[in-house]
Amino acid sequence: MPRGQKSKLRARKKRCQARVESQGLGDTQATTGEVNKSPSSVSGDAPSSSPAAGASQKPQGSQATSSSAARGSRRRSNAGAKSRVDGGKHSSQASTSSESARNDLLTRKVGILMQFMLERYAMKAPIIRAEMLKIINKRYKEDFPEIFGKASEHLELVFGLELKEIKPGGHSYNLVSSLDITSDGDVSNGWGPPKNGLLMPLLSVIFLSGNQASEEDIWEFMNILGVYEGRKHVVFGEPRKLITQDLVQEKYLEYRQVSGSDPPRYEFLWGPRAHAETSKMRVLEFLAKVHDTVPSAFPFHYEEALRDEEERAQVRATAKAASATKASARSRATSSRSTPP
């Protein structure tokens, strides 16, 4: 069975297991509730047959009056408590709604600012702080540091472009290419930073899709980034050529027809160069940075990344041992030839 299918089966099994465990917990809580009800029910239903019990009873009228008063008091108390709870709930909901609306607005402003920065990058023009404030509206001047910081971070993560101040304190910036560093510390050769920026997100989508992603899923993701098929992008140029030809020819991606598909459908996988220059753990670290969390926050994929790291370590150890064996054999051969008979 292909490795991707095995991963999907494991994921489905884990989801089923989680549902079963959740259901089991719910059943346990329900059972506990029934047990806790039992003593009071038995006590309430038990007949007062002993003389002592009968002597201690109050007159029926008095008991009814007191019970009625108690019920009225409880109702008033419960109504007051419910009012306080509802008031607190509505206040909390209003606060959450207000915070959510603010976050949505700031997210839109981040997107607008990113688009402006990319246009300036395409024009090879400096990015001026006053122009950025004008773009997002000066009413959001207090929020500008947060919007500016998120836009800068997303540009570096998604597009491989780093914002650099032209002159300290000058409030003008340029977007510069951040060269990719491979896992062994060397600068990756043969591909430009725009490809670098888009490649890591693409590898992430493929990894999260069970190590093979349909072409439809890839384009859906690209559209989220504002990259559309048939529309030239200010940074990436022609996106279809980039992902189905350039990155494929450079062996970062594999683009193939889905077996048995009619009409033909296509999918993307990691290419051999991607396997060599990065790893699943590194991609997961990228995803964690995007989501401001840690790799272990993606438990299923974190387990897969750990297994991948172990396999890589074993391959390196085997290669190192083989190299040492060859070196020792060469040394003995040289020594035997140099020793006189």
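Glycine residues also receive a Cβ, built from the backbone N, Cα and C atoms like all the rest.
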Range annotated as region 'Disordered' in TrEMBL, from 156-186, 311-341: 311-341
Positions on the same chain near the region 'Disordered' (311-341), where near means CB under 8 A and six or more residues out: 279
Counts of helix, strand and coil residues, the region 'Disordered' (311-341), according to DSSP: 28 helix, 0 strand, 3 coil
